[in-house]
Structure formats: structure tokens, C-alpha cells
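Peer 1: Sharing a structure with you now.
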């Protein structure tokens, strides 16, 4: 279960522009990655290029095993390093934390966790080495890129911990404990054995299952119905291609979504109103709630809808963003005034107890 940074991490918020489509596709809005998706217009048989904006922002570049599990180019090392730096700085800037030791010694500064970043994996503490194709490593990286601390560290460090990162991306860690032979091997009857890294030199040019999925829209809204595009295709590919475990996405029924259904059914020719699509990640990072709202809706409306969908009390959680770091406690604030239009990615966390008021001196 992922624990968001106590002092707030960093998550991207990308503006959403709903792209109009031709009359044959009227009533369809497409949300997904900022890739151009080739879609076939069934009414005219012509090919139509639709620019698909990013509704939610990335949750981390896909990682998959290719060759000798060396990380393909789509893993953004610079972004990963920047996220680790942001998390560490926010912990160091916060108040002195308690070291998680059995005797609970108070006011002891946390020692940073050593993390070595190799071309084909990572190593925390003194090991073991964790290759990028390992599912637990993929979950760890996704947490970091989402602005969360790794869930595996939550029990020891519930409020986060700084990282001491060693950038060794130019080095390949020998997964089997032996370094590759430095020269060129020769076998009787054969001319030459290629160097170990030759076979993966051009692996980045191959189309992976995750790359293919990222070129599709996440979902479309057609006649007021939210249609998942990637889910069924992902389930089909899962049988033949290893894919990271995906976050469960839950569409929350809202008045704006119901009104959009009615408009699409009764007046499909009318222009679509300005709406805000919110993607709100749960406290443990395992679920993402999708809410279609109106700009004039208030933070309190979002809180009430989330509480109803999660069957919890509205007062038990907080809604916040990590970039810019903001906690949305004013339930009377409209989404327009809060800067959450036309879309935003937000996070949830357990509501923290207010600090006691200072007593009289």
C-alpha cells in the first residue's frame, strides 16, 4: 500500500483539450496520451488522425524485459532521478522525523536510503539487485514516478525517507553474479561470438505491448457512456505479453456525467459543454477514481461523491495535489477557482489530526 509523502510529492497536471471530431463521430470525446492515434472513420472509409491529449499524465514509463533485461529507452532515467530528488528534498525540508527503531528514540534525523540506479535495474540498501523486469521493481518505480514513496518502505518509514542516489545508468549490473567476458570469445569451428551487449543495441526500436497500449486512448465518451478502450485490449495481450499490473480505474457516477448522457442521446448536434475530468488516486495507490464534473461544482461535491463511491465518511480523507502542493480543504471552492479545469490528477490521504492550539503562556 503506497503512502503519499507527508510533505507532498510531485504529480503532473496536464490540461485537457477535448478534440472535436467529424460528424460521423459526433458525441465522442477521446481522453488518453498525447500521441496521435490513427482511427478509421467507418462512415466514409477514410483515415482520420486525431490528436489524443493526455488526460491524466504518465504514471511512469513502461518497463519490460528485452534481451538481457536491459532497460529499453522508454524508461525515463532523468524523470526518475528528478522524482527521487523531489521526494528527498521534501523530506529534508520537513520537520525532524522519528527514526523507526524499536526504542523509538525521538528527534533523530533519518539517514538516507542508498539507492543505486543501473542500466538494467536498481539496488536499495545493500541489495539484492532488482532487475527492471521484476514486477515488484515495476511497482516501486511506479510509486516513485507517481509522487509516492515505495509501498514496501511504508511500514518502516510512514512519513517518507530521503534517498541517496548513485546514478550508474551507464553500467550493467551482472544479474547472475558474474561480469560478462570483456573480450571477444572464439569457439573452434566458428568465427566469432558477439559481445554480450550487441544483441540489445537496437532493442528500443521494437514495438512492445506497453508501447502499443500507450498509443491508444484510455477511454472514449460515446452517447454519454464511458467506454474503456485499453482494458479489453490489455486483457487480450496479457495472455501472451508480460505487462505491469494496472491500477483499477473506477468511473464515479456524477450529475455532470448523467447530464452528458442525456445531451448525447437527445441533442447529439448540440455543442458539448465545458467539463472537468478528475482522476483521483486512492491512499494505497491501487485505485483511481474518474469523475466528470462541471467547472461550477465545488470541492465539497467531489468529496461527497468520493465518499459515497468508497462507502466512507467525507471527513476521513483529504484531497490534495503534489504539483503545485495544495490541500483542498475549502469545500466551498469551485473547481474553476481551484484551477482543476479542464482536468487534473489528484491524490487522497488519510486526514491528519490538526495540531493542538498553543496554550496560554
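Even glycines carry a Cβ here, placed using N, Cα and C.
Grabbed the feature section from TrEMBL, which reads as follows:
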- 110-174: domain 'SEP' (DOMAIN)
- 271-348: domain 'UBX' (DOMAIN)
- 276-355: domain 'Ubiquitin-like' (DOMAIN)
- 1-27: region 'Disordered' (REGION)
Peer 1: To what whole number does the mean pLDDT across the domain 'SEP' (110-174) round?
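Peer 2: Overall, the domain 'SEP' (110-174) comes to a mean pLDDT of 85.
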Peer 1: What is the three-state DSSP composition of the domain 'Ubiquitin-like' (276-355), stated as helix, strand and coil residue counts?
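Peer 2: Across the domain 'Ubiquitin-like' (276-355), DSSP assigns the residues as follows: 15 helix, 32 strand, 33 coil.
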